[in-house]
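As written in TrEMBL, here are the features:
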{"type": "COMPBIAS", "residues": "1-28", "note": "compositional bias 'Low complexity'"}
{"type": "COMPBIAS", "residues": "145-160", "note": "compositional bias 'Low complexity'"}
{"type": "COMPBIAS", "residues": "536-549", "note": "compositional bias 'Low complexity'"}
{"type": "REGION", "residues": "1-37", "note": "region 'Disordered'"}
{"type": "REGION", "residues": "133-160", "note": "region 'Disordered'"}
{"type": "REGION", "residues": "530-557", "note": "region 'Disordered'"}
{"type": "REPEAT", "residues": "360-401", "note": "repeat 'WD'"}
{"type": "REPEAT", "residues": "502-531", "note": "repeat 'WD'"}
Amino acid sequence: MINNNTSSQPSSSSSSTSNNNNNNNSSTQGVGAGVGLKNFFKTPEGRYNKVDKDKTHPSTLLPYALAKSITQITLAHLKDQPAQSTSNAPALQPSSSYSVASSGVRYVTSKILGSSGNGSRMLGFVGGNGNGHKANGGTSKSSHVGGLSNGSSSTVGSNTSDGKGSYLIFNVGDTLYISDLTSEEKDPVKSITFGNSNPVCHAFDSKAKDGHDFLIGLNSGDVYSVSLRLQLQDVGKKLVGAHHYNKDGALNSSRCTSVAWIPERDGAFVAAHADGNLYVYEKSKDGPGDSTFPVIKDQTQFSVAHARSSKSNPIARWHICQGPINAIAFSADGRHLATVGRDGYLRVFDFLNEQLICGGKSYYGALLCCAWSPDGKYILTGGEDDLVQVWSMEDRKVVAWGEGHNSWVSGVAFDSYWSPPTSEDESENAVYRFGSVGQDTQLLLWDLAMDELVVPLRRPPGGSPTYSRTQSSHWDSAIPVGTLQPAPSTKDVPKLAPLVAHRVHSEPLSGLIFSQEAILTASRDGHVKIWTRPGSDSQVSSTDTSTPSKPVSSGFK
């Protein structure tokens with residue numbers, strides 16, 4: 001936690017030490033690590049209860065595999081319309097039968113968690129300047145991808161013929177697991193091992209118009225797009241019908257840290273890397289155009305380079321920063337892109353116009369995760385300073401700091417299904433509910449009401465202990481477009497206290513997601529817990545037809 005004395009700023013080493021001590025204490029408890037963890041927590045709306053059945057990796061997984069990567073989780077819902085292609089086809093015919101609960105899936109439907117942010121931390125610079133080689137950096141297709149074998153005895157024998165259902169996809173070590181969320185079994189129904197490379201990030205397209213709806217990024221830099229339904233239909237032990245991008249790191253050999261589909265732009269996606277570069281792909285393009293890009297002249301400056309050939313894939317390279325990009329997130333309309341990195345900066349771009357809009361630095365250390373509010377007005381960030389920062393797109397600055405975590409914040413998300421209590425005085429204030437998880441094993445819930453924030457007052461010159469009646473200089477004017485700001489003083493930013501602080505796991509957390517009927521939390525070693533909302537029935541259907549609620553209409557601009 002940060003106080004107003006800047007000399008007491010947190011350090012990553014102290015946070016790590018504290019976190020390691022907590023982990024050691026937890027590990028000494030063995031199976032009893034859950035002792036002291038309550039199966040419920042209370043909010044003003046009522047009590048959240050943990051579901052008995054968690055989802056996780058097979059119990060036969062060797063402990064050393066858990067340290068290979070940090071678990072990230074994606075939730076997907078496949079409707080009951082059958083796929084249009086056979087299992088050995090390289091691509092599927094167009095189909096509109098794919099949907100995902102990106103903010104979450106209905107409770108048992110959404111039985112396990114995903115992370116809005118990458119949650120991983122990069123401790124060094126990886127790769128070069130992204131100018132690549134002449135080798136194919138675009139797309140290659142195959143019906144079965146060699147070397148990607150199912151390394152588990154678990155197969156897809158229980159799958160339905162059309163892949164109908166709700167699924168959890170998560171990575172542990174060098175393996176990608178797919179679990180049936182409606183099943184009583186905690187073990188996955190399928191696992192795919194990636195040999196010498198680890199899957200580290202993935203994303204599902206909620207509106208895919210052809211079969212390829214799932215992205216996988218590897219620590220070798222390779223990226224795959226596949227049909228999730230096709231993987232479930234195939235009983236073999238290999239990834240089938242995959243499109244392969246940046247094959248063998250031909251274009252960029254640094255770790256792929258985050259992947260995301262571009263909203264409202266069918267078939268387009270981005271892949272971020274640990275060398276600070278982000279590439280824009282279109283899955284409809286095969287190459288073999290020239291996929292090289294010019295040398296980056298200034299590693300410290302943002303730049304965009306487009307492919308020399310209209311047939312090339314990727315179609316563009318964005319150089320974001322000098323160090324690793326840790327997480328990326330698009331606004332719901334696809335217009336804006338937020339990135340956070342090892343250098344501690346949030347950067348917000350007008351993606352359509354390829355322009356840097358605003359950004360700023362953390363109070364201390366790297367930023368690890370970010371998330372947009374459903375209306376695109378606010379951005380959450382979390383990182384090594386133990387803070388949750390709230391950024392305003394209108395003001396282009398930090399408008400609140402959330403203090404409550406005792407270690408690095410690894411996941412943040414807005415609860416788009418939460419509605420504030422009704423009152424007689426409505427519409428003059430937007431109220432948001434959001435959550436955060438961290439390496440301190442805690443889930444924190446927060447309420448943000450802009451008109452209730454206490455804005456610090458300006459301290460007059462001369463060191464007087466009294467405050468003037470004017471606001472801090474941090475609020476004097478809007479920040480010019482394209483400006484990256486230094487970290488503000490702790491005296492200038494309003495502080496938020498958590499509504500709820502609950503220790504939900506015995507291991508550090510890596511992700512958080514909200515569904516209509518539950519909150520889902522995941523630890524970095526591949527265990528997910530489901531916390532049902534007050535009044536929710538634990539036995540719900542495996543469909544998610546609900547629409548996320550929006551914040552109360554705002555009276556401020």
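Cβ coordinates are placed from backbone N, Cα and C, and glycine is handled just like the others.
Since this is a predicted model, take the numbers as computed values, not measurements.
In this model, the repeat 'WD' (360-401) carries an average pLDDT of 95. Secondary structure of the repeat 'WD' (360-401), assigned with DSSP and counted as helix (H, G, I), strand (E, B) and coil, comes to 0 helix, 25 strand, 17 coil. When the repeat 'WD' (502-531) is classified with DSSP, helix, strand and coil residues number 0 helix, 19 strand, 11 coil.
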